[in-house]
């Protein structure tokens, strides 16, 4: 009985070791530069060379001025409000926070939209965007 338990324990340890070892990626042992060159997937001759060029003072100033122009144009664009053309109000319309089930007419507020919940059982006109 003890021999079978010892055999089963050894088998269990072997299976655990084999399972853990099979999930690890294989390690590559490179011995010298020749094996490194033969095993590498990227050929170093195919990569284009990179040249570093020093900038003079004039090009730095032009770059700084262009960056400042971009910053100022972005600030001006963000400060300007986009004016949306208002749709003419139709006579039969639904006020904000009132029920607006699909056969009902559109919402009176142009910034509001009909929002339904619970599988379109409860619908109401709501203003979604505060910037409108």
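Using N, Cα and C of the backbone, Cβ positions are placed for all residues, glycine too.
Of the listed segments 62-85, 86-109, Swiss-Prot assigns region 'Disordered' to 62-85. Within 10 Å of residue 107 (disulfide bond), counting CA to CA, the disulfide-bonded residues 116, 123, 132 contribute nothing. Proximity to residue 123 (disulfide bond), judged by a C-alpha distance within 10 Å, picks out none of the disulfide-bonded residues 93, 108, 111, 132. Taking residue 114 (disulfide bond) as the reference point, the disulfide-bonded residues whose C-alpha atoms are within 10 Å of its C-alpha, out of 93, 125, 132, are 125.
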